[in-house]
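Inspection log for the structure reproduced underneath, given as structure tokens.
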Amino acid sequence: MAANEYYSSSFPSRREDAPLPPVPSSSPSPRPANNTPGVNISPATSPFDDHAYPEYPAASKPTQQNFGDTGYYGASGRTQNPHNSDPFIDQNAIPLQSQSYNPKMEGSPTRYTADPEGRYPLNGGGMGGQRRKKKGWFSGRVTWVCYILTTVQVAVFIGELIKNAVLTKSPIEIHPSFNIMIGPSPFVLINMGARYPPCMHNVHNVTDFPLALPWPCPNATSADGYTCSLSQLCGFGGVPYQAPGTPLNDTSHQPDQWFRFIVPIFLHAGIIHIGFNMLLQMTLGRDMEKEIGSLRFALVYFCSGIFGFVLGGNYAAPGIASTGASGCLFGILALNLLDLCYNWSTRRSPVKDLLFILLDIAIAFVLGLLPGLDNFSHIGGFMMGLVLGICIMHSPPFLRERIGLDEPPYSAVDATPLNEGDDEGVKKFVRQPVGFFKGRKPLWWVWWLFRAGCLVAVLVGFILLLKNFYVWRNECSWCHHLSCLPIHNWCDIGAIRPEIITTNTTSKRELFGLDGLASLPLGMF
């Protein structure tokens, strides 16, 4: 059949004995001119006309893989497709071809347009894709605070064992008593920076005692080792010399090793002690660091530990050398309790989680009542963690809905992680400090004034405790019951009693209230 007859307006049906049309070349022939004899093309020809069209040869039938070019080539709607036997058939009807599956994300239908600019790429794509969390050292994705702290604390503990081996010929304390925590001597810990009040300020019955006291040496393994001065025991260059009988209010030569409120965070009394603490730190601690971010975690961690040692320095027995990161971890435990209360309705089994946290708290506080243990570090760390948690953690979701805080999650895309929620509020406050407070609801003011009051209260309490430790030295007559049980003279352990030094039967360990400790280490928590 001639080409001009085949493309006529009549479009006759193909006869059974008609040969198949030839496969067009990659360069299709141009459209014949309208003035060609024998050709009559109707201007009304449309792809919707009911005509019979010739079939493709079997070898050249298009498949989904053939349609590589579905572009738009002009307003006329006609294109020359090399896969078509008719180069002038309208190609507006786009062929079926394989498309990438893009299912609707979970949640509200507004998720389609919640991120029209594509600023928040998805993790993995597909169903349930979530907004990618903010990256960086301080985002909480990498719990570098827990990793670094654990590494340093383990390294310091190894150093404790080495120093104890150098001084006493054994890596753990064996004489005069065995350290059941499997660790160094308490005198080695004092020499390495444990919280020990006589090295930090004037102490009653020590500074104002008229006779010079025999202090234990760091290498003491028997009663004969009580021949050192306080300066030799404290180490770190020693403390200023004070003549026996110096008044307490004379601070001209007062011991001043204030860093003993911080250094004990990295010291531990034994393998069992550091083992339990690091286990809690690398499980509960890492989870909380992921939730609130590394900066907030580090703030609560160190503030809780320092506050616990300051509280213990005021009210614990002065002869107890306290070490360990338990105060820090109690602050983190308080954050977990607060987070559970805030998100009670969204937890899978909140009652079980609450019982687990309360059991941890109860066991730790009960152990703190045993002889030689500093329960004030636990109490102080927990109190600081609770107050700081109220100040720096996100408000409870049910409260946000009522007061209208500038804190997600109020987005249809994703629930923002806890450590990213305040970004917009902080930026808004920096840009417009006055405008940030306009239009706030009364409940918003009540809640934020409460949070500000908590922060002020904890700062004032910290300052007052330091003032009492160094200047006032007010004692609490009943506070010792928070750290000991009134049985077998346990509450007398750690009390320095130099008034009995003149008796011939007085033991040096009895002088510092150590006889009742038996085999228990000093301040193992």
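Heads up, the Cβ atoms here are built off N, Cα and C, so glycines get one too.
Noted in TrEMBL for the protein shown:
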COMPBIAS  1-12  compositional bias 'Polar residues'
COMPBIAS  19-31  compositional bias 'Pro residues'
COMPBIAS  33-45  compositional bias 'Polar residues'
TRANSMEM  142-162  transmembrane segment
DOMAIN    256-393  domain 'Peptidase S54 rhomboid'
TRANSMEM  258-276  transmembrane segment
TRANSMEM  297-317  transmembrane segment
TRANSMEM  323-342  transmembrane segment
TRANSMEM  354-373  transmembrane segment
TRANSMEM  445-466  transmembrane segment
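Computed over the domain 'Peptidase S54 rhomboid' (256-393), the whole-number mean pLDDT of the model equals 94. In this chain, the transmembrane segment (354-373) does not touch the transmembrane segment (297-317); fewer than three CB pairs sit within less than 8 A of each other, excluding pairs fewer than 6 residues apart. A Cβ distance under 8 Å defines the sequence-distant neighbours of the transmembrane segment (323-342), meaning residues of its chain 6+ beyond its ends; these are 149, 153, 189, 194-195, 264-269, 273, 277, 280-281, 284-285, 287-288, 291-292, 297, 300-309, 350, 353-354, 357, 360-361, 364, 377-386, 388-390, 393-397, 523-525.
Counting residue by residue with DSSP, the domain 'Peptidase S54 rhomboid' (256-393) contains 108 helix, 1 strand, 29 coil.
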